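Quick notes on the structure that follows.
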Amino acid sequence: MSDGAGAKVLGVYCERGFDPTFWAEPVNAVTNAAFIMAGAVALVRWRGDRAVELLAATTLAIGVGSFLFHTFATRWALLADVIPIQAFIALYFFFAMRRFFGLGPLAAICATGLFMAAAATAPSLLPRDGLWRGLGGYVGGLLGLLGVGAALLARPAPGPSDGRALMAVAALFAMSLTFRTLDGVVCEAAPTGAHPLWHILNAAVLFTLMAILGRRPPRIRPNPPLQ
């Protein structure tokens, strides 16, 4: 194994095992098309909504980054996989604070910073082995969805509608996380593992999140009077 960014990252997924070759994970690689589809459709469906457009572009980056990691399987490809995912979580929380709760830009940035800091510490509270290992940095995102959804349920309309939708997405995300954690467990019975289902379900999660945000366009403030 070489050192540095080009070092191989093996033994992470059932389909690859310790095979260092490019196409050792064909199913894991190809199922990233689900992210590309989700991002492309969102770009067309909510064209002109800058927030959704940015999230859709980030979803495309998730698909590309994940494809790179499941083919090159190097440290630099791992960063290409992880960074867009964390960017989506931070961006969505920021836009949720703006559209669902009406926070100003500075307050939304502060709230997002606090949330991301809390989310970064969440994995340290979980066991580091067994099924918990696959949750990694995603448990913070799940808790964030549940927290925002619960807060919206207590707000005036249309808050409860958005809250119920986010709770449903949280349930779907929990299901996708389950498949992620089961990848190594089902390896003997299913050589491809369960990780491809994580890709497909997670793409559905991201698209639904963008749809929920897209139906609540930003408030249009009147132009100041001419002097």
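The backbone N, Cα and C atoms fix where each Cβ goes, and this holds for glycine too.
Quick caveat, the model's predicted, so the values are computed rather than measured.
Database features, via TrEMBL:
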BINDING   E25  Ca(2+) binding site
TRANSMEM  26-44  transmembrane segment
TRANSMEM  51-70  transmembrane segment
BINDING   H70  Zn(2+) binding site
TRANSMEM  76-95  transmembrane segment
TRANSMEM  102-123  transmembrane segment
TRANSMEM  135-153  transmembrane segment
TRANSMEM  165-182  transmembrane segment
TRANSMEM  194-213  transmembrane segment
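Fewer than three CB pairs closer than 8 A are found between the transmembrane segment (194-213) and the transmembrane segment (135-153), and contact between the two stretches is not assigned (pairs 6 or more residues apart). Away from its own ends, the transmembrane segment (76-95) comes close to residues 5-6, 9, 51, 54-55, 58-59, 61-62, 64-66, 68-69, 108-109, 111-112, 115-116, 119, 137, 140-141, 144, 148, 206, 209, 213 of its chain (Cβ-Cβ under 8 Å, at least six residues beyond either end).
Long-range contacts of the transmembrane segment (165-182) within its own chain (CB-CB distance under 8 A, at least 6 residues past either end) are made by residues 131-135, 138-139, 141-142, 145-146, 148-150, 152-153, 194-195, 197-198, 201-202, 204-205, 208-209, 212. For the pair E25 (Ca(2+) binding site) and H70 (Zn(2+) binding site), the C-alpha distance works out to 6 angstrom. Residues of the same chain lying 6 or more positions beyond the ends of the transmembrane segment (26-44) and with a Cβ under 8 Å from any Cβ of it are 13, 15-16, 52-53, 55-60, 62-64, 66-67, 70-71, 192-193, 195-196, 199-200, 202-204, 206-207, 210-211, 214.
Taking Cβ pairs closer than 8 Å, the transmembrane segment (102-123) reaches residues 86, 89-90, 93-94, 135-137, 139-141, 143-144, 219 in its own chain, all 6 or more past its ends. According to its DSSP assignment, E25 (Ca(2+) binding site) is coil.
Long-range neighbours of the residue listed as 'Zn(2+) binding site' (same chain, six or more residues apart, CB within less than 8 Å of its CB): Y13, R16, E25, N28, A29, N32.
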